[in-house]
Structure formats: structure tokens, C-alpha cells
Amino acid sequence: MFCIRACSGLVGCRTATRVRSLHSLPGITVAQIDEEVAKLLQLKAQLGGDDGKHQFVLKTAKGTRDYNPKQMAIREKVFNTIIGCFKRHGAETIDTPVFELKETLTGKYGEDSKLIYDLKDQGGELLSLRYDLTVPFARYLAMNKITNIKRYHIAKVYRRDNPAMTRGRYREFYQCDFDIAGQYDAMIPDAECLKIVHEILSELDLGDFRIKVNDRRILDGMFAVCGVPDDKFRTICSTVDKLDKLPWEEVKKEMVNEKGLSEEAADQIGEYVSMQGGMDLAERLLQDQKMSQSKQACAGLSDIKLLFSYLQLFQVTDKVVFDLSLARGLDYYTGIIYEAVLTQAGVAPVTTDAQNGAPSEESVSVGSVAGGGRYDGLVGMFDPKGRKVPCVGVSIGIERVFSIMEQKAEASAEKVRTTEVQVMVASAQKNLLEEKLKLITELWNAGIKAEVMYKKNPKLLSQLQHCEESGIPLVAILGEQELKDGVVKLRVVATREEVQLIHNTHTVSLITVSTKV
Amino acid sequence: MQIDEEVAKLLQLKAQLGGDDGKHQFVLKTAKGTRDYNPKQMAIREKVFNTIIGCFKRHGAETIDTPVFELKETLTGKYGEDSKLIYDLKDQGGELLSLRYDLTVPFARYLAMNKITNIKRYHIAKVYRRDNPAMTRGRYREFYQCDFDIAGQYDAMIPDAECLKIVHEILSELDLGDFRIKVNDRRILDGMFAVCGVPDDKFRTICSTVDKLDKLPWEEVKKEMVNEKGLSEEAADQIGEYVSMQGGMDLAERLLQDQKMSQSKQACAGLSDIKLLFSYLQLFQVTDKASAEKVRTTEVQVMVASAQKNLLEEKLKLITELWNAGIKAEVMYKKNPKLLSQLQHCEESGIPLVAILGEQELKDGVVKLRVVATREEVQLIHNTHTVSLLAHGRMT
């Protein structure tokens, strides 16, 4: 008793203060009130302990959201397209647990490690929610001593970001990864990854896109010949990475003022990073007096040439650009890197606040929908003998794709169906439930997707209305006269055209054809 | 294996001591009670999901998804003693979170949050329980749940019957062997306890004991009721008589006539509903497992045939319309085939329907659609109707 009184007193105090301050706010919205109420209830629940009664906090966790049926329907279509492409290229799939041992993830993400969700120490192993699908993949390869695999993995990952929900950034979001692991002849698997990105983006019909390509060795070589000290490579790289969002002047300023680079070095870098092209650019740079001094850069440039020759055969050079300003954040890339961007504006841009100096994971710039590269050293970090398994892969920014598709669906007149029902089984008079249930059973037995109203005597109009709302194309109408005659009326909802079918096994075959099962 | 485990533990400890070491951390383990799915397992999983989801979709269900973690208090107080099995997230300065324990509480939250009163939804996703995993017995801490629920106010027992129909379809299609679906009712149980003399406040605990009958013999269950739960031996015996009963609609009927049971209004309500349920289950053809011989989803085709000569051009036009509409159709590679041969081909190939073009029909602008097996016919006006009626319902 004492405890409860004290608790509610406490809540009451804070409630009073809160409510007063809310009242004093002009133009308070219902949404804000809801949020405050939710917070107070949460506090109350914490104070009240395992109350057990009707505690229903009507909120999802910050940075997470439910998917409603419309969104799920869109999501299913997108996954089918993407998975279809992966399968077409002969990939298998795996799945890993949502949490890993904390130390599996430790030391893999640099500064981003602070964004990892940890599980509470409840007396067992220390666990963390997976941050991406690449580290679990490396662990899987090492654990199972796999040296060759072509795999895709579509699953949610978790980051304690500061979500900017209006900008589509969540703490729980899907990643869609495709990776080829194994020692192969140079650039063939790398080229196939790009071919896959090209296929997927084309099939998803998101508008025009470009795939920017660069190479970690070219970047490092470029920094070297421009006079960047070795120990500043990574931090200068992060700064260059900002070129997709900031103009050169600001990027240069950061290099010189914040990172301590000489202005001369910055200018030299400036010349290079403005270069874009195809195989021709790689050729030119191999002849470039300065660049050619770096063995590393030359190796990268030769591989870019080789890559483009394969891309030509794959017929995807139209959208691929060798872009020296591309500098993806992740530490673990060792060779080619790439990023796909949509060239059309018109959708809410998803931006990232790349922390200063931090190799921010998968910097998603305006319009970016996919990214990846070659990472030859990661699996070796997991293998007890340090055995290397070279890998190249790509991650599709699927949440971005969902967003775009949702907006398209919104904008178009076409309705997104959330069910796939083909036939509504309806009745024109009362007391026909039994007959309807018999008919629907025949339809289900034949694999036809069908529904019936959970009502003994529904009105025909309500049943027809349900068809229109759900987008059900056909309705099989039972009526007393028809039953006597042994027929079923099959009507096309949209046009009202009708066919009378003799009700026997026919009905099912004919309806099956109509629905093209 | 034990050495591996010990090494792993020591390395884990070392990692904790060493902080953000960053270099070669050889932890080659998944968390206790969890496992990877390799490609073979994924292939099997995909097939199973396709079967199950196909069934859900056939019954008109939509799907939703919810986050893997909920606010801790959403889950608080919902699982009784099992609450200690919930995985909590570390307090990292924000909201207190827990991994979902099932899909039902998130579903209820979703309904309330979106003020939804009617929905038929399925949800397939992983849930998390800090069980003591007995991996040899297939118990994991991370595992899939596959839920189907119908929410809303409807006429009695129809949605309930559909749920059972769905279970029946799924288990049949998955081809797992013979199965039984046991059905009872909370009101019948409570009514039974009441008329057997169980005190009201012992209903739930006696219920848990009865629940053990699927694993323990009656004698042990009775012992628990009498010795541990303080039930009179007489009451236990009376319960014993009832819980041995199994049957169909006939049992429900009998119990409604039972002198003792019929005294409980609650039990009678439950029994009437069981009768109603069974009447629907009969219509759904699932009361007798043997009678649920199901025709699989088949590749249906239409044979495009002609009754006279010189109709190849018309047949080819019609078949093109059918193909354009995605219908699987065939025509004989012969300019003037005999009708009989075309019909014979249908029978041999198992083609169920034949669209017959004839001179008179062409003049009248109709197409005869015949069911091969029975010869019954429908005349369709040949225009966009034919195709739209034949093609409508496809998912584009």
C-alpha cells in the first residue's frame, strides 16, 4: 500500500508539471499529447513494476516501425524481383541469428561500434544485435571452413542511430547483400556483382541510375603521390567521401583546416577527384606522370580496365562510371568499390551525417541505392590460422527502394492489393451459408484463393462492396433459383459480366481457368 | 567440443578484458541456442514457407511485420511466469527494450495502435526466449513462429472453423504423415471443473495439471491434483471420467444431455458451439481426415479446337488472345485436324477444357467452351468477354 501511494504520488507530481507545461504550449497537437501520454505511461510502468493489468503502450520502439499489409505487398514484390535476379545468377542463401556474441562484432566497425545494440547481461553470454550482414558472413565462412560460395542474404540489421524518420532513417532496417567469396581470376566476380546491380535497378524500374566505380588502391596511390602522409590516408579518405554531399571548397577546407593537409596536396587531390570516365580514364591515368609512380594505383587502374572490358561483354557500361571522387567509408575494402545512385530527384533524399573522421558505414548519399566492393582481408580476421578468403559483394539499399515504391504506389491510381483472393463466394439470399461453405471448400481444394463472409446471412451488396474494396476480381453468386437449377453465377466484379456455370466439378475447372491458377 | 567451448569462453573473457582489441578475435560460435541456416536448410525452409503462405493467401489473409524488439513494458505482464525468459536489451540511455517473445502481443499492440477492428493476417517471423535450450530436442532460443489470426466480431464459429481448415490444409500439403487436430473449449473445461466440484479459485491450476495428460498417465495427473493441488479425490475421479472422452459432434450432443454437465450454462454454451463448429468442419471436409483427398494446384490448360476444316487462322487468333492473357493453351499443329483427334488429345494429356470453334459459332460470334470430362458446355460470346472471363482473376 505504502509503496503504491508513493509511486502514484511521484507520477502525479510529474504528471501535474508536465500537463501544466503542455497546456501552456500554444497549438499543441494531438500527436504531441499522445507522445507525452505514452511517455508518462512508460514511466508509470517502470515505477509500478510487473503490474500485469492493461498496460498497452501504443508505440513501437524509437527508430522502428510496423509494416502494414500494403507495405508488405510492396515489399514482397521488391524481394521477388531481387531474389529472382540473385537466383538467376546462381546464388544460394543463408540465414544467421539476429544477435551474435558481442566479441564477434567487437573491433569490426571502428567508430560506429558505439551504434551497436547490446543485449542486457542476464547471466549468460554477452550478446549484441547484428550491425550488418557482412561480419556474420565472414564468421559463417570461417566457422564452416568455406572457401567458395556465392550467397545472398536478406535480413534486418540494427543500429542505434539518431533516426531522422522523416528522412527514412531507421534503427531497424533491411539489408540485402550479395557476395561472392573465393579465389578466382581477377575481376570476373567483381564484374558480375555490377551486372547484378544493373539488372536489379533496371527491373525495379526506379528511373535512371549510375554506378560509380573506384578502387581503394587507386585512392591510396593517389593520396601517396599527392603527398598525403600515410597515417592520414583513412581520415583524408573520409573527407573525400563527403564530396557527394558537399562542394569541393568545403571538402578542401576540411582537409586543410581540420585534417592538417597542405594546401598543395589538397589541390592536387582536387584535380584528380574531379575526374570521371570509363576505360579511357583508366588508360589516361596509367600514363599520368604522377599517378603512374604509384605501383598500387597502377594495379588498381589495370583492374579497372579489365573490369570495364568485362562490363562491356555484360552490356552494362552505359550506366557505369569510373569516378575518382568515390571513397566509401568502410575500413575493410581492399580493392574495387562502387556505389549506385538514382539520377532522378523527386523523392525525399536519404542523407547521412558522416561523423568527422569516422569511416561511416555505407554512407548513403542523396539518391544512393546500393554500394559495395572487394574486401579480401575480413574473413582472415576470423580464421584462427588467418586463412584469407577473398570476397566481393554488394548491399542493396532496400529501405530506400521500399520508400520509392511506396511513393510511386501512392501517386499512381492503381490500388495495391493486400490479399490475392481471386474469387469471393457470395449469396443472393438468406440461409445459403452451408452451400457457400461447400463451394468454397471445392475452390480451396483446387488451389483457388477464395473468401467467404463470416456471416450467416450477409447482404449481397455488402459482399460486392467487400470485393471492390479488396480488389477481388471474381464473385461466385449462389442463389436459390440457381441452386435448384444446379448452376452458379460467376461475375466479373469490375464489369458485371456474368457467366452461368453448371455447378458440379465443372464449376471448379472453369473457375480455375478463369483464375489461371 | 568441450575444449572448443572452453577456448571460446576464455577468448571471450580475454576480449572483455582487452576491450576494443580489434585484431584477430577468433570467436567461431553462434550465440547459445541459436544457429545459422545453411543453403540446404534454406532451400527446405523456402519450400515449407511457400506451402504455408500459399495456404494463408488462398484463405485471403494479408500479412504484417513488426520490429524484433518492443518497448519493454509492452511485453511486461503478458507472459506470467515465462516473463523471466524474455531477452532484455541493455539500457544504453534510451528506451528500455526487449526482444519479442511471441507474435501475438505485437499483434494486439498493432491492432490497438492502428484502431483496427477487423483483419485476417498471418505473420511469420523469429521470436526469442531465454530457454534452457535442449538442442538435441530441437529447442532453440531463436526460432520461427508462424501465426495466423482472424480478428473481429463475426457470426459464431465460422472463423474458428476456417482456422482449423487451414491447419488441416497445411499439414496435409506438407505431407508430414497422419495427424489429428484436438479440439476443446475453455468454457467446457471450466464448466466441467465446476460441476465436478472444483473450487473457482483452483480452476486455472487444475487446468495446468489436466494439461499434463499429454505427457503423463492419468494416475500421476490425479495424484498431482489431489496431493499437490488439494483437490478432493471424488472431484478428481469425476474429472477423470470426463477427460477420457473423445469424439465428434456426437460427443458434444451426448454431453449436452449429460445430467451433470448440463447443469453448467457455460459448458452448454461451449458444447453448442462445438456442435456448430463440427457442422462447419463437415462442410469444409475436415472432420474425417481420410476424406480430405485434395486436388493439388494444377497447370490448367485450354485446348483450342475446331469442328470443321479451314479454321486454323481463327484458332490461331483465339489462342494468341489466350496466351496474351497468360492462359496456358494448345492447338494442334495441323491445318485440318478431326475434332475427335483433338478431343482425344485432351483426354490423353489431361487438358480439362476445350474451346471449340465452328462455322456457325463464328457467324454467331460465340465460342463453345466444353468440359472435356463431362461434355457439358457453355457458350461464350467471343469478344473481349471470352478472354476476360477466362483470364480474369490473374494477379498482374
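Count begins at 1; order follows the chain as displayed.
Glycine too: its Cβ is placed from the backbone N, Cα and C atoms.
All annotation found in TrEMBL is predicted automatically rather than curated by experts.
Annotated L-histidine-binding residues in TrEMBL are B:Asp102, B:Leu103, B:Thr104, B:Gln145, B:Asp149, and among B:Arg129, B:Arg130, B:Arg180 the one listed with them is B:Arg129. Spatially close to B:Arg129 (L-histidine binding site) yet at least six residues away along the chain are B:Asp82, B:Leu85, B:Ile86, B:Tyr87, B:Tyr101, B:Arg141, B:Phe143, judged by Cβ distances under 8 angstroms.
Secondary structure at B:Asp149 (L-histidine binding site), as computed by DSSP, is strand. If you draw a 10 Å sphere around the CB of B:Gln145 (L-histidine binding site), it holds 14 other CB atoms from the protein chains shown. Cβ neighbours within 10 Å of B:Asp149 (L-histidine binding site), excluding its own Cβ and spanning all shown chains: 17. Residues belonging to the domain 'Aminoacyl-transfer RNA synthetases class-II family profile' (B:4-251) score a mean pLDDT of 88 in the model.
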